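Visitor: Before we start, here is the structure in question, set down as structure tokens.
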Amino acid sequence: MFFKRVGQSKAPQRSVLLALSLVVPSLFLSACMSSEKDIDLSKYVDQTEPADVLYNQGLANLNAGRLDEASKKFDAVDRQHPYSEWARKSMVMGAFADYRKGSYDEAISSAKRYLALYPSTDDAPYAQYIIGLSYYRQIKDVTQDQKEARQTLQTMQDLVTRWPTSEYVDDAKEKIRFANDQLAGKEMQIGRYYLERREYIAAVKRFRTVVENYSNTRHVEEALARLTESYYAMGLTSEAQTAAAVLGTNYPDSPWYKDSYKLLQSNGLSPRENAGSWISKAGKLITGA
């Protein structure tokens with residue numbers, strides 16, 4: 001009987017304690033809420049402004065050189081008025097603002113997003129142009145990797161192909177020429193490295209790439225002279241003579257031709273083109289820089 005009475009007396013005590021544990025925090029929270037009832041919660045909520053107002057504020061900031069503020073305004077249009085005409089315009093202008101700031105990765109990302117959503121709009125070639133410019137601005141000298149030059153080339157070629165009448169085509173072609181020149185310069189840099197170490201086969205491969213793939217760049221003259229030098233060192237005199245002949249035909253006043261001619265003359269040889277050589281065939285495509 002004693003144990004039974006004890007067991008019965010603990011249950012009500014536990015119920016009272018549980019009730020108190022629920023009531024006390026509630027009273028505390030109510031007190032806190034009543035003491036802070038004047039807090040302005042509106043500052044935690046986006047202040048929605050008309051899309052055209054935000055967009056024009058973005059343009060004004062952009063024209064004034066306040067690029068961070070411009071980006072914020074264009075982003076606000078996209079966030080507060082998604083899928084509206086103003087949001088579409090803000091997306092491409094936001095990409096341009098990022099480009100102006102030098103935030104090239106962000107500019108590329110925004111412009112690519114624009115093209116994915118609006119590939120057929122009037123601003124689509126402009127978005128493509130921004131992507132190309134963002135890659136172009138990151139091109140490094142020829143001693144370093146030329147990934148950005150390849151990306152510039154591809155992006156600008158796509159622009160010229162897809163929008164041939166666009167106002168951006170002329171500048172895109174200039175960027176294409178520059179990117180090609182960079183890529184040719186990289187091949188020459190590697191080719192010279194191999195030539196200095198008398199690794200002639202590897203050197204020829206690089207110089208051949210320049211002649212065949214970058215025939216309209218300023219590096220073709222030197223590439224033909226280096227081919228003359230490499231083939232001559234390998235004992236392939238017919239190829240050496242052909243390289244010199246093609247060089248002389250296209251660049252008769254070139255110092256590189258004079259050096260190649262002198263090299264052949266040192267062994268009683270002269271430039272003579274072999275029509276069956278790959279060099280002769282590639283030479284017909286040379287247009288000069």
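Even glycines carry a Cβ here, placed using N, Cα and C.
Residues or ranges marked as S-diacylglycerol cysteine by Swiss-Prot on the basis of sequence analysis: Cys32. The N-palmitoyl cysteine annotation in Swiss-Prot covers Cys32. Under the heading repeat 'TPR 1', Swiss-Prot lists 51-84. Look at Swiss-Prot and you will find 87-121 tagged as repeat 'TPR 2'. Under the heading repeat 'TPR 3', Swiss-Prot lists 184-217. The signal peptide feature in Swiss-Prot is assigned to 1-31; the stated evidence is sequence analysis.
Structural setting of the listed features?
Guide: This prediction places the mean pLDDT of the repeat 'TPR 1' (51-84) at 95.
Cβ atoms under 8 Å from those of the repeat 'TPR 2' (87-121) belong to residues 51, 54-55, 58-59, 62, 67-68, 70-71, 73-75, 77-78, 81, 127-128, 130-131, 133-135, 137-138 of the same chain, restricted to positions at least 6 beyond its ends.
Using DSSP to sort the residues of the repeat 'TPR 3' (184-217) gives these counts of helix, strand and coil: 27 helix, 0 strand, 7 coil.
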Visitor: Below 8 angstroms Cβ to Cβ, which residues of this chain, lying six or more residues outside the repeat 'TPR 1' (51-84), approach it?
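Guide: For the repeat 'TPR 1' (51-84), the far contacts come to 90-91, 93-94, 96-98, 100-101.
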